[in-house]
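Worksheet: the structure to be examined is printed underneath.
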Amino acid sequence: MKAPAVRLSSGRKLPLIALGTAGIPYHSQQIQTSISLALKIGYRHFDTAKIYGSEPAIGKALNEAFDEGIVKREEVFVTSKLWCSDHHDPGAALKRTLHNLKLEYLDLYLVHWPVRFKEGVCYAVPKEDDFERLDMEQTWHAMEKCVELGLCHSIGISNFSSKKIEDLLSHASIPPAVNQVELHPLWRQHKLREFCAERKIHLSAYSPLGGPGSPWGSKAVIKNPTIVSIAHKHQRTPAQIALRWALESGVSVVAKSFNEERMQENWGVSDWVLDAEDHCKINDLSQMKFMRGDFLVNNTTSPYKTIEELWDGEI
Ligand SMILES: NC(=O)c1ccc[n+]([C@@H]2O[C@H](COP(=O)([O-])OP(=O)(O)OC[C@H]3O[C@@H](n4cnc5c(N)ncnc54)[C@H](OP(=O)(O)O)[C@@H]3O)[C@@H](O)[C@H]2O)c1
């Protein structure tokens, strides 16, 4: 099956089903094997970030596939992200990412969080004195420069609220093509979906299964009785219902699996549909957010003193 895709405001096409590669911590060979397997299944979009440590293994697997003629570079879409300690020089950070991936360009480069750390802070959970003031105008200008230099085709953001996007749009020459955020049947992001759709910013769902098995996630989505009953009705799995619901909500999905059966399962969500009743039932589920970002909030050095400030009330 060909990967379904959406055209971004940048003019580029983004494959709607991506393979996530975050997790703690995977052996490089395991990532490489999973990427090769994913390519065979049909995946053409790979999501990584400097902080995941998966860039080199993805690069090895992709370059092997290019050399063996399995796919061409222009047939795959690679997303990576600017880590919070690299806002002082996004161009240099992107060049390091490209070096890790052994690629000449990225398809999509995202600002990982609307937060800036001191240079060299290469861990996910910052200490209190690791924060610096974020000048998003300066960061975005440097991201735009990356497009001009041909280092990436599209630029975007991740974990940005409607308010933060509005601020960004007030000075951006190139608008963000994508906002990657947590989104699943229990965290539906209705307001952000409408806001982004009106501004032609494509919304991409991370943790679309709720991250079962990951340290920040939960099994609440795939164990939810409503999701389970919809799955029985369609003779699908709960994970497939979550992914199908996101796709039908106009959102692309970044689901992580390094297990062949589950990679196949997550890939198999393009040739069947949910009905209006399923959507109504999902829209009635109580909401819960798993990636709350508490680690980015403190009373002293973080620009965000509360969780509400980090998400501008969208929590
Ligand atoms: N921008 C950001 O700030 C941000 C934050 C978080 C994540 N992300 C990206 O989004 C990707 C996905 O998010 P995530 O890893 O948090 O959550 P997720 O994709 O919702 O869930 C991944 C977990 O679910 C398991 N799984 C996968 N398919 C399954 C299925 N069909 N049935 C049951 N369990 C299944 C996986 O284990 P197995 O591998 O054993 O199958 C893994 O433990 C990440 O890998 C990363 O690329 C971005």
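Note: Cβ is positioned from N, Cα and C throughout, glycine not excepted.
Residues or ranges marked as domain 'NADP-dependent oxidoreductase' in TrEMBL: 18-285. If you average pLDDT over the domain 'NADP-dependent oxidoreductase' (18-285) in this model, you get 96.
The active site, proton donor feature in TrEMBL is assigned to Y52. Within the same chain, the residues at least 6 positions away from Y52 (active site, proton donor) whose Cβ sits under 8 Å from its Cβ are T21, A22, G23, listed in sequence order.
Residues or ranges marked as site 'Lowers pKa of active site Tyr' in TrEMBL: K81. When other Cβ atoms within 10 Å of the Cβ of K81 (site 'Lowers pKa of active site Tyr') are tallied across all protein chains shown, the result is 26.
On its own chain, H112 (substrate binding site) has A49, I51, K81, L82, W83, C84, S158, N159 as residues at least 6 apart in sequence with a Cβ closer than 8 Å to its own Cβ. The annotation substrate binding site is assigned in TrEMBL to H112.
For the recorded site, H112 (substrate binding site), the DSSP three-state label reads coil.
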